[in-house]
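As recorded in TrEMBL:
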type: DOMAIN; residues: 294-458; note: domain 'O-antigen ligase-related'
type: TRANSMEM; residues: 44-60; note: transmembrane segment
type: TRANSMEM; residues: 66-87; note: transmembrane segment
type: TRANSMEM; residues: 92-109; note: transmembrane segment
type: TRANSMEM; residues: 121-143; note: transmembrane segment
type: TRANSMEM; residues: 163-183; note: transmembrane segment
type: TRANSMEM; residues: 195-211; note: transmembrane segment
type: TRANSMEM; residues: 260-279; note: transmembrane segment
type: TRANSMEM; residues: 286-304; note: transmembrane segment
type: TRANSMEM; residues: 310-326; note: transmembrane segment
type: TRANSMEM; residues: 331-350; note: transmembrane segment
type: TRANSMEM; residues: 483-503; note: transmembrane segment
type: TRANSMEM; residues: 515-534; note: transmembrane segment
Amino acid sequence: MEKFDETLSTIQGKQNSVEHMASDPPERPTRATARSLTFWQQRLYEGGLILSLLLFYLIGNQQTGLGLFPAAPPLLAFLFLAIFTLLSWFRLSVAITLFPITFPFYLPYYQKVIEIGHSKLSFSLAEITLGILFGIAIIQVLLYKENRNLATLRLLWERIKPFLLPTLLFLFAACMSLTTALQKHYATVDLRKEVLFPLLYAILALLFLRTRQDLKRLLLALSGIGLCIAVMGIIQFTFFKETMVREAEGFRIHTVYGNANSIGLLLDYTLPLLLAWLFSKKNTWLARLSLLVCCVLMLIALYLTQSLGAWLAIGVALLFCGACALPNRKALLICAIAFGAALALLLLIYHQALLSYVFERHNSHIGVGTAEKRIYLWQTAWNMIRDHFWFGVGLDNWLCHYSRNSICELPTYHYWILRDPLTGKLTGLSDEPTLSHPHNVFLHVWVSMGIFGLLAFLGLLVQFFRTFIRGLLAVHKTRDIELRWQLVGVAGAMLAAMTQGLIDSAFLEQDLSYCFWTLIVAMGILFVFARGRLIQPATA
């Protein structure tokens, strides 16, 4: 401990005289160290990366209906992709931290179509960007053996050690689930998009993110894409209501997604990051005001989703951040008792109204709400699990076993429960034969990947929150306020996602898988920083 204190004092004494060294690009041994960028030069570099990628995506893209210059030659779009590649070459760590801005644009009607001869290939923005970043990383590692951007093996081990075994087990379970899949093609595509590619991104982030500035930029990019989707939702509700589907409770925004619940799940992974920063006492009044405006916009979009699960999840995250803001355990205990008493009183007085609200939301024409349907869905999933206990039915093969549908037409036994086995009344599941998951993240993982996948997933979550507690204890000794609230924000985001995951799918979707592994990586890096490793200036 004394040695650590001496090292910390030495580093802090030098920070005033040492410029913040940019972490990219890897340099040839014969070249001098690159000059550091000023604050605004760094912002321009980040803006150039985002703008070039955005223009590549929009120019000539007729999939979205928002494409710029739909008749433009493909080379014009690829010119901006080349600019993005060049900028990424010189600042690879910056490009890796900005990668979360690509997460939501993966559905077929938002993919980028690339014409090669007479063939048309569709790729999500994340796939294209990840391919470029991975290619650059491989080339740089091969060209420059003394790559100063790579984390040292010791620090890399410290980052990945808590999560290594459950991650390897998760990968094993995902691969083994291919053996039981009826539709091998669906399972293989899902393995690539929802398991391998997110893990590949996690590896890149663990290898190339070295400084606290890198980590801060990563978390800002993740929360920034949530804010972007929230603003798009508000614009859709205000100016483009004709594009929305009217339901019993009113209009629900969906933006680039197929339904409003997906927006709620994305906000689960992103909004708590901003909420934690808002609680931080280190913010200036201007920063606090900016954060407050962003949080309000995201809360408005959250309300417009009409997703009860997302409301509850963000409520849990808000309580979590509030509890972490309390000065001591005594205050926490008093507030917990007061909140528990108030909640018990509320349930005692309004329990009937609350039950009616929960179970009668989004009622179908036969009077069955989504809450009641979920109970039958979970029973369906459990019946499926009992017959496919070890390796599941395979990734993205739920529909092959769930119902008769046009997506997976196979002559097999279907598990969906059309009538209640006790009362004989209709369950309402026949109205939605193409439900693609059992609306519970743990059942979803189990039914898709078997018991080994579930154990690996639970192991990741246990290690995540265990690492959070250890990091929080370490930060308490150093009194690093910014690091403390980054830890709280990342943990709050995971807590919110898993809370909604109890009644929805919060993991095995392309964007949500990237979000999940991004939080895992962030927690691993934060833990290393909390222990005093790789201490770097925290400038933006």
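Backbone N, Cα and C atoms are what each Cβ position is placed from, and that goes for glycine too.
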Long-range neighbours of the transmembrane segment (310-326), counting only residues six or more past its ends (CB under 8 A): 261, 263-265, 267-268, 271-272, 275-276, 279, 299, 302-303, 332, 335-336, 339, 488-489, 491-493, 495-497, 499-500
Taken over the domain 'O-antigen ligase-related' (294-458), the model's mean pLDDT: 84
Leading contact stretch, 44-60, 163-183, 260-279 vs the transmembrane segment (121-143) - CB distance under 8 Å: 44-60
Cβ contacts under 8 Å made by the transmembrane segment (515-534) with residues that lie 6+ beyond its boundaries: 4, 7-8, 100, 103, 151, 155, 158-160, 162-163, 198-199, 201-202, 205-206, 209-212, 215, 218-219, 222, 266, 269-270, 460, 464, 467-468, 470-472, 474-475, 478, 480, 483, 486-487, 490-491, 493-494, 497, 506-507
